[in-house]
Amino acid sequence: MGKIRILLVDDHAVVRKGLISLLEDEDHLEVVGDVGSGKEALELVPKLKPGVILLDLNMPEMSGMETAKHLKKLAPSIKILVFSMHNDADYVLKSIENGIDGYLLKDSEKDEILLGIKTVFEGNKYFPPSISATLVGAIQTKGKSVSSPKNNLKTDVLSKKEKQILKLISEGKNSKEIADLLDLSIRTVSNHRANMLKKTNLNNTAELVRIASKEGI
């Protein structure tokens, strides 16, 4: 296998120099260029034909995410390895949406950087344990906050009177008993029941009672 051709894209020259120093002694790697902007990267990719791009996210004029999106359109087979100081889920997920193949933090050890380059070059995705943990945490948090539409009853969609009626329904009261307790007509109680089903997008009273129990009504 020939050398892996690498293009470094970071607006900080000191970062690029540090990476060059880190990678230049590796026989299987060749840094074919280093540039300070996404625009320069897009101009040089057709000429340099890198196999892997180490890409910073925070750059002036054209962000790393925007650069990644354009690079994937320009050269779909190119592998993009983000090299960033940001380890929060929003940055990682947005990068993935824009087609990146891996994500490294700027405080990564040399062995991890080398592994990341090798992994994405071979056609696999690379996310170190710290980033994987961040993603798992974000997914778990999202899972807890999102429920199916039928279970997502927001009590503020019901009026105070409807909540009173729902509470009595949950206690096993029928429409006549509820009407007597609240000094309403049976027809009014029936109308409230129908309105609650419509507002909560539920199919029957049994579903309404079950959800009410979960919501603490």
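Cβ coordinates are placed from backbone N, Cα and C, and glycine is handled just like the others.
As the structure is a computational prediction, the values presented were derived from the model and not from experiment.
Taken from TrEMBL, the feature domain 'Response regulatory' applies to 5-121. What TrEMBL lists as domain 'HTH luxR-type' is 151-216. Look at TrEMBL and you will find Asp56 tagged as 4-aspartylphosphate.
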Tally of residues which DSSP labels helix, strand or coil - the domain 'HTH luxR-type' (151-216):
49 helix, 0 strand, 17 coil
Per-state residue totals over the domain 'Response regulatory' (5-121) - DSSP helix, strand, coil:
54 helix, 26 strand, 37 coil
At a 10 Å cut-off from the C-beta of the residue listed as '4-aspartylphosphate', count the other C-beta atoms across all protein chains.
24
